[in-house]
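Q: Take a look at what TrEMBL says about it:
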type     : residues : note
ACT_SITE : Asp123   : active site
ACT_SITE : Asp141   : active site
TRANSMEM : 66-88    : transmembrane segment
TRANSMEM : 95-113   : transmembrane segment
TRANSMEM : 133-153  : transmembrane segment
Amino acid sequence: MNQLTRNIILLLLLLANVGCDQLSKGIAREQLDYHRQTEVLGSFLSLIKIENTGAFLSLGHNWPEWIRLTLLTFLPIFFLSAGLYILLTNRKMSLLTASGLGFMLGGGIGNMIDRLLYGSVTDFLHMDLGLFRTGIFNLADVSIMVGVGLMILDQFITKNKVETI
């Protein structure tokens with residue numbers, strides 16, 4: 001596959017992640033009440049809208065504004081830009097790792113859009129797995145986790161290929 005075709009596919013993947021995230025958050029903002037639980041699949045999956053001014057699991061929500069701005073806006077914009085550059089220019093990256101990076105960047109950009117437009121990130125998904133319950137998250141967070149999973153999977157695949165040579 002030539003580099004242009006590869007980049008178009010990766011950008012479409014990234015944009016699909018951003019689009020699904022922003023669409024789902026828009027619906028959540030319009031249709032859900034704050035802090036009110038709506039069960040979708042019993043207690044396994046429920047919807048609870050919150051606005052998260054912090055990072056993962058609200059880490060840093062009570063930090064001074066200048067620290068939050070630096071650590072949760074300016075630095076992530078730099079890293080998202082660097083990641084996008086790497087995604088589009090690194091010709092040696094496997095397609096699976098590049099797809100993982102595309103998912104991660106799509107999720108990061110989705111959350112950054114919220115932070116820039118609203119000053120917080122809209123979270124609305126919650127899972128109760130019995131012994132384990134998640135924090136409240138969104139589709140951007142799922143994209144990031146899928147991306148990490150793809151990159152880890154690629155490392156196992158690559159390791160097995162190297163060992164069988």
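Residue positions begin at 1 at the first shown residue.
The backbone N, Cα and C atoms fix where each Cβ goes, glycine too.
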Q: Which is it, of Asp123, Asp141: the one of these active-site residues whose Cβ has the most other Cβ atoms within 10 Å?
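A: Answer by Cβ density within 10 Å: Asp123.
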Q: Reduce the DSSP letter at Asp141 (active site) to three states and note it down.
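A: Once the DSSP labels are grouped into three classes, Asp141 (active site) ends up as helix.
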Q: C-alpha of Asp123 (active site) to C-alpha of Asp141 (active site): distance in Å?
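A: About 9 Å separates the two Cα atoms.
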Q: What else in the chain is close to the transmembrane segment (133-153), if you only count residues 6 or more beyond its ends and a Cβ gap under 8 Å?
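A: For the transmembrane segment (133-153), the far contacts come to 17, 20-21, 24-25, 28, 48, 50, 52, 56-58, 96-97, 99-108, 110-111, 121-127.
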